[in-house]
Every structure is written in C-alpha cells, then in structure tokens.
Amino acid sequence: MASGILVNIKEEVTCPICLELLTEPLSLHCGHSFCQACITANHKKSMLYKEGERSCPVCRISYQPENIRPNRHVANIVEKLREVKLSPEEGQKVDHCARHGEKLLLFCQEDRKVICWLCERSQEHRGHHTFLMEEVAQEYHVKLQTALEMLRQKQQEAEKLEADIREEKASWKIQIDCDKTNVLADFEQLREILDWEESNELQNLEKEEEDILKSLTKSETEMVQQTQYMRELISDLEHRLQGSMMELLQGVDGIIKRIENMTLKKPKTFPKNQRRVFRAPDLKGILDMFRELTDVRRYWVDVTLAPNNISHAVIAEDKRQVSSPNPQIMCRARGTLFQSLKNFIYCTGVLGSQSITSGKHYWEVDVSKKSAWILGVCAGFQPDAMYNIEQNENYQPKYGYWVIGLQEGVKYNVFQDGSSHTPFAPFIVPLSVIICPDRVGVFVDYEACTVSFFNITNHGFLIYKFSQCSFSKPVFPYLNPRKCTVPMTLCSPSS
C-alpha cells in the first residue's frame, strides 16, 4: 500500500521532459512543473523554430517568462522522496540476512561479506574476524576510492591505446594506399615490361593490408570491449561510493576480485620498421637500361656470315644461321686430322662478313634452345692455330677475342686474359644471369673501345661490358655454335 503511494507521488514530481525527479522545479500557470534546466532548454529550442512563441511542452498552452515561478512545495516533496529510496519490502530484502532474517550489522574480513549475528556463529564464519560495518566502512571506502582512481588512470590509458590503434589503422591504410599509388605510377611507363612484377607487388600489398588491418580491427574490437568493461566497473564503483554504507559493502568481494583480476591488455601492433617494404625493381635503372637498348638499336646493322675454309660449321644459304655438324661424323670424315673433340669444337667459329673499323654497330643473335655457344667480336682467325690450340685457349682479348659464352646449358662465362702465371689459358669469369637469354644483343663502339652484351629476353639487361678494348685492326662479329647442333641465328633489324 505504502509502496503504491510512493510510486504515485514519484509520478507527480517527475519532470515530463527528462523523466527524472524534478531538480529546482519551476511551474507554469497551467500547473505543470519542470526542471529549471529542462524548461530553459525547451524555451531556447522553441525560440529557434517559432520566434517569440512559448508553450507548455505538455498541454501546449502559451506562457510568458514572467509567469514562471519556483515551486517550493514540489521541491520539498522531491527532497523527502529522495530520502525514501526503497520500499519496506525491498528494504527488508537488503537490510536483513536472506538465510536467517536477522538484520545485517557485521562484516566478515575473511569472506568480505556483510553478515548477521547468526551467520557469525555459524560453521561457515566460525573463527573469522568480524567487525561492525561502521568499523570497516571507512577502510573499504579508501580501498575502493584508490581502486577507482587506478581504474580511471587505466581507462585513460585504454582510451589512448584505443585512439592509437585507430590512428595506426588509418596510418597503415594511408601508407599502403600510397604504396599502391606509387606502384601503379612506377609501372605505368614500363607496363609491357613489368606487368608480372606489378601484379605480384599489388597482390603482396593487398595481402599485407588484409592481414594487418584484419589484425588491427580485431585489436580495436578488443580495446573497445576492454574500455567498455572498465566503464561498467567504474560506474559500479561510483554508484557504490555515492550510495549508502550497505550498498558500498554489499557484494564488495566480487567487485574487488574483478578489479584484482583485471589486467590492461595492450593491442598487437606491427612495427613499421619491420614490415616488408615495397621495393620496385630499380624502375629508374630499368628505364635507363631500356632507353640505352633503344639507343643502341639505332645502330643495328644487317650482319651476315662469311663462309671460310677454316671453320667446319654449317652455314645456311641465307648466311644468317650457323650450326655445328655432328662431331663424331666430322672426326670420322677427317680421319686423323682431329685428334679430339676439343680441337674440333674450336673449328666451329665463324665471322660476320662486315668488318668494323670505326663507329657504332649493333646486332642480335638468337640462341634459344642452345646448351652451348660463344659470341662477340673477333679480330680475325689465326689460320695456322686451329690444330694446336686447346678448346678455350684462343678466347682472350689479347688474342683479339671479346666474347661471352654458355656451357652445359646453365654456365654463362666471360673470357678474359689469363694471368701472368697462366698466360696461355683464359681467365673464365662466371656471369650472373637471372633470366637465361634466348636472344643476345651485341654493341660495339669502336672509338670508345667497348663491347657490350644485352639480354634481350630480360628487357635489355646488360650482361657484360668489355672496356678499354685494344682495337688495333678491324674486328668482325663472331659466332660459335660449339658442339650443340641447335643453330644460332642472326636476327634482321626488322625482327
């Protein structure tokens, strides 16, 4: 009965705007009362839409500001009502022991629970240290106040971590988007050359973005949940600290355990200095190389082969293709002239018909599917040397050979002058070739004394360059198919 009356009174002194108990109540001449802050805010809102018109938010009857008056009577009722927070039934439930029905007056230090005098004498609490609630309330008030300050500090840290993770997420998105833009821009000039590299790098960046942003999004969600948990815990503590002594101590063990068990989880981050940084494959270098190849191709000459009595290579009718005959057949046909296959291999070299005595000259040779070859420039054969010189002995710049070659299908070499200890044997230097060339470009700058070799298959990558060549006499294009019977072909300028 009394509880119902209190409910009715509460409804009468509740603000129709904020639906809370009236604060500094003001009444209009129509009889409706509102919180001072609520009716003031409503008045300002009304002025924005209907100039000069003010009406009651409940009944819409117009009023003038001078007709608003403080309602002291309602304010007193609200003040009294605030003191009556619980109904007798609810008070009975909270203030009395649920097991024994006795009033809760004691606090068990070991179990950190509010108990009655019968609980104190029960087996559950026998031997425990118990105190009157008034004796421990201040101690726990200090503890909870300290915990509240600690939680507020951690909340600030959590909010900062949450902001940092959002900032890092945005930073990653911007940085990776920027990388995408750079990749697209860098590859634009070399689209035909770098289609594969572009696609590969973009896929890596997409995967990196997906993995990192997915992880950061998960971390962000965890940080939001962590922050929300702290807010709820802080709200609980604030409610206890602002409430009665009973509310402060009721269930305090649970909340203290929650505080003690709570740890601030920091999000997983990705140090930018450890990430896989995109590195374009030296786009400027490739562009310069591509331009260099374009430049030297301006000096392309139509080279043909010159048959001679020294070489036993097979030259096609168009004089553009040379191949090695079957060595065993040739040896049987020549009888004792060739004592070994090594001597025979030396005799498969041929010269181009054009002599080079000045200027710049360029040509390309198709060596696809060959397992062995030698090509470059030569100052001319030594007619009497073919019978007594070993396979590679002749291929030295000092003997007029500036050449590179392939052996056993995978070994690319450049032939340089032998050392002072082995003057009759060339110094064979391995070449690092990432993509095996099916087509090789040769460029001779006679005045600059250089011979350059380009991997046309790898977009004109420079294979090797001879510098300070001693061109004391005319030089000729040189091709040697070696013992591989697959032909070598001189490419026409229009190919």
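Note that Cβ sites are derived from N, Cα and C of the backbone, with glycine treated the same way.
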Margin query: Looking at 92-133, 134-175, 386-427, which stretch does Swiss-Prot describe as zinc finger?
Written below: 92-133
Item checked: Range annotated as zinc finger in Swiss-Prot, from 15-60, 245-290, 337-382 -> 15-60
Check: Quick one: which of 187-200, 313-326, 467-480 does Swiss-Prot have down as region 'Required for interaction with GABARAP and for autophagy'?
Finding: 187-200
Notebook entry, point to check: Among C97, C119, all listed as binding-site residues, which has the most CB atoms within 10 Å of its CB?
Noted result: C119
Check: Who sits close to H100 (Zn(2+) binding site): which same-chain residues at least 6 apart have their Cβ under 8 Å from its Cβ?
Finding: C116, L118, C119
Check: For H125 (Zn(2+) binding site), which residues of its chain lie six or more apart in sequence with Cβ-Cβ distance below 8 Å?
Finding: C108, E110, D111, I115, C119
